[in-house]
Amino acid sequence: METLRADEISNIIRERIEQYNREVNIVNTGTVLQVGDGIARIHGLDEVMAGELVEFDEGTIGIALNLESNNVGVVLMGDGLMIQEGSSVKATGRIAQIPVSEAYLGRVINALAKPIDGRGEISASESRLIESPAPGIISRRSVYEPLQTGLIAIDSMIPIGRGQRELIIGDRQTGKTAVATDTILNQKGQNVICVYVAIGQKASSVAQVVTTFQEQGAMEYTIVVAETADSPATLQYLAPYTGAALAEYFMYREQHTSIIYDDPSKQAQAYRQMSLLLRRPPGREAYPGDVFYLHSRLLERAAKLNSSLGEGSMTALPIVETQSGDVSAYIPTNVISITDGQIFLSSDLFNAGIRPAINVGISVSRVGSAAQIKAMKQVAGKLKLELAQFAELEAFAQFASDLDKATQNQLARGQRLRELLKQSQSAPLAVEEQIVTIYTGANGYLDPLETGQVKKFLVQLRTYLKTNKPQFQEIISSTKIFTKDAEAILKEVIPEQIELFLLQEQT
């Protein structure tokens, strides 16, 4: 039998003592007092920060929003069905952040940047805070490049620039989402990254939008962030900030981005729900006092960066739904005051068959012609005024029986101008095609045609120019000016095509 040697034992003990690493792990913990309706009240968590992420025993993550003297109010990022009274909670020391990378392009994700399209995980090496400060005054420059939407009514009269914030507002079922999705479709080949944020929408509506993008080949430069109507209020509240963080990632990498929020009024409702459950005092329409700040800090992140930061841009297009045309409600007035203009969609126009149903009279872009190419300014300068005069005259003509010839001519011209602004959904037009269309109407070439023939003729004219006179498109795209040569081509082609069209219609 072997005897134990004392020196060996002492050596082993000495080695073990040397290897001992004294690590003290301090964790800030608390206990659940109450849980329900997506809100948990926690006792403890004395050193938690406002907006800090906390983790519950069973894995649910929450955000500490209310820091009170005797408890902490936490909103849950999940259903929290497994959280029990008395279970422990620990502070993570982190503020809400998401991974970001080029790999997100073409994917559908949720507010936590997790994929929900069933196409596997998304690899990312960097991360960004969901809430980051907006660029300062010195970091920006004024908006000067156009963001073409492909819709004649917008690009000619209510132009949107890269880095602008333009509100799309109107009643339900007036084509607001269609205007936004057409804008995304028109960015194909324009080197613009698009982010579409669906907040509190029907899952079927989001699926329809994604299908449209896939069919038109727009998903390759688009990210869809979706939190549908059945998502927890916390995630609906976070979704727009997640979209903004992804768009910012590309903006600071010297790229142009466009982000659509559909729609911030649903985000405000989710925030109202959270605030009321946290027992914050309600204000107008029961919204909390800081609901303006909710939207202003989101929309202020849209910017056109200066040359030292790489001239990237982020254009925001929030969509707000009104109730029976009431733009004086709380959320619409808030968002109107934050944005640089609004596109107003009218249900009366929509029902009258004028689509997109844009009310040109009360829609405005506060950036104006700075966001247009020179060619468009030259051709469309008087279009808005002519349409406004026509609308006034049309209202007057309803009561007058006998009108003089000049008034009749002006009414006929106005009807044809209104007709050329009509467009089918998912059929955006290139800026060269828009210039041809507006020039044809504004210079009276459409006057011999019946109103019902206008659309058919314009399609024919644009096709003819594209195939037989490609030099017109080259002049506009290279110089961005409506030159005498470009006008000469149109003066030669349009009368010929009108004659040919009228002959075809007679036979």
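For all residues, glycine too, the Cβ spot is worked out from N, Cα and C.
Among the features that Swiss-Prot reports, ATP binding site is placed at GLY170, ASP171, ARG172, GLN173, THR174, GLY175, LYS176, THR177, with the record citing sequence analysis. Residue environment of GLY170 (ATP binding site) contains 26 other Cβ atoms, counted within 10 Å of its Cβ in all protein chains. GLY170 (ATP binding site) falls within a strand segment according to DSSP.
Look at Swiss-Prot and you will find SER363 tagged as site 'Required for activity'. Taken residue by residue with DSSP, SER363 (site 'Required for activity') is part of neither helix nor strand, so it is coil.
Across the structure, ASP171 (ATP binding site) and SER363 (site 'Required for activity') are spaced 14 Å apart at their Cα atoms. Across the structure, GLY175 (ATP binding site) and SER363 (site 'Required for activity') are spaced 15 Å apart at their Cα atoms. Neighbour density for ARG172 (ATP binding site): within 10 A of its CB lie 10 other CB atoms from the protein chains shown. Cα of GLY170 (ATP binding site) to Cα of SER363 (site 'Required for activity'): a span of 11 Å.
GLY175 (ATP binding site) falls outside any helix or strand according to DSSP and counts as coil. Between the listed recorded positions, namely GLN173, THR174, THR177, SER363, the fewest other CB atoms within 10 angstroms of a CB are found at GLN173.
SER363 (site 'Required for activity') and THR174 (ATP binding site) are 15 Å apart (CA-CA, integer value).
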